[in-house]
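Colleague: So that we are looking at the same thing, I have put the structure below in structure tokens.
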Amino acid sequence: MEASHEEKRNASLKRALLILSCVLLSIGTCGGPLIMRLYFIHGGKRVWLSSWLETGGWPIIFIPIALAYYHRRTTEGPSTKLFFIKLPLFIASAVIGLITGLDDYLYAYGVARLPVSTSSLIIAAQLAFTALFAFLLVKQKFTSYSTNAVVLLTIGAAVLGLNTSADRPKGESDKEYIAGFFMTVAAAALYGFVLPLVELTYKKAKQTITYALVLEIQMVMCLFATIFCTVGMLINNDFKVIPREARNFGLGEGTYYVVLVLSAIVWQTFFLGAIGIIFCASSLLSGIVIAVLLPITEILAVIFYHEKFQAEKGVALALSLWGFVSYFYGEIKYSKQRENEKKKEKEKEKEKEIEIETKDTPETADVSQLDP
């Protein structure tokens, strides 16, 4: 009974953590691109700075790590460790962090050149790459519904490429727009690789993966991604330009720094949400949640930034939504099938136990008859 109660408690905690991770990912997925685009719309031009801000808020992760340590210290005593991460896992996290740093630059370059409504729809194709790499790296099983979703999302991104000049920002050449388009596609592909790679790291780690350890992994990843982008900023002299750019910012110097700080904080909610979902469920679900939220980001961009909404975007949005519905319908259907299969297996196990008991009963009865 105690074991069953503990299992239910752990399941409830994991469910609560999954919901919290979904909320954090929602804030990051919708807010991150909008704040980043706000920087570029009002005079910001530093792509390396924008990519740096995507992971530059990594010290925020110290807060939940410190709270978890304090909780452990009160329950386990002063001998408890502050950090659990071991060297092999640290190295793996550092490598993933460097890849994330490159992805940050690709994505920031795309947002600098494309309207948010366009870049969001392109990023929707990330689900296709996540599904592909999840299949290759962590042996994620494909169904007809998930395959259909991947195809639809890929076609949706391709449709946007048919008319590249319709929503091109003023003063931007075709060459810059196309470069931004392909950089965003590359960012979608690379992050589609990162999510399953993180899940693979969890599976291959030679230590128990707890949420406290997941936070440490995320902190190391963001630290090395920030180091990667810091090198880019130094080469590009971005640190020297920041004061001048702040003075010339369209919304004022004070607002400039507020935008930078908010950007760093909001992007941290994105990463914390993504790794939380991978921990509680899978990398594919993390990719799906990101993809589901992208149409909302697109609508918000049209409302706040008055971006154009052409027929191509409408088609791409419809295909994306169709893909999401297809995937979720398939997941619900197959989860019910898995539940039924588990129930049947349990019933078979019970039947076997009953058969064993009935076989043993006559033997004990015969022995009792021989007793005087």
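Sequential numbering from 1, following the chain as shown.
Just so you know, glycine gets a Cβ as well, placed from its N, Cα and C.
Values in this document were obtained by computation on a predicted structure and should not be read as measured data.
Pulled from TrEMBL, these are the listed features:
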COMPBIAS  337-362  compositional bias 'Basic and acidic residues'
REGION    337-372  region 'Disordered'
TRANSMEM  16-40  transmembrane segment
TRANSMEM  52-70  transmembrane segment
TRANSMEM  82-102  transmembrane segment
TRANSMEM  114-138  transmembrane segment
TRANSMEM  145-165  transmembrane segment
TRANSMEM  177-198  transmembrane segment
TRANSMEM  210-235  transmembrane segment
TRANSMEM  255-277  transmembrane segment
TRANSMEM  284-305  transmembrane segment
TRANSMEM  311-330  transmembrane segment
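Mind mapping these onto the model and telling me what they sit next to?
Modeller: Sequence-remote contacts of a segment are chain residues at least 6 beyond its ends whose Cβ falls under 8 Å from one of its Cβ atoms, and for the transmembrane segment (52-70) they are 32, 36, 80, 82-83, 97, 100-101, 104, 107-108, 211-212, 215-216, 218-219, 221-223, 225-226, 229-230, 232-233, 238, 260, 263-265, 267-268, 271-272.
Outside the transmembrane segment (82-102) by six or more residues, the chain places 51, 55, 65, 69, 190-191, 193-194, 197-198, 201, 204-207, 210, 212-213, 216-217, 220-229 with a CB less than 8 A from a CB of the stretch.
Here the transmembrane segment (114-138) has long-range neighbours at 33-34, 37, 107, 146, 149-151, 153-154, 156-157, 160, 167, 169, 177, 180-181, 184-185, 187-189, 191-193, 195-197, 199-200, 203, 282-284, 286-288, 290-291, 294-295, 297-298, 300-302, 305, 307-309, 313, 316-317, 320, 323, 327, meaning same-chain residues at least 6 beyond its ends whose C-beta is under 8 angstroms from one of its own.
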Colleague: List, by number or range, the same-chain residues at least 6 past the transmembrane segment (210-235) whose CB is under 8 A from its CB atoms?
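Modeller: 17, 46, 48-49, 51-52, 54-58, 61-62, 64-65, 68-69, 72, 83-85, 89-90, 93-98, 100-102, 104-105, 198, 201-202, 268, 271-272, 275-276, 279.
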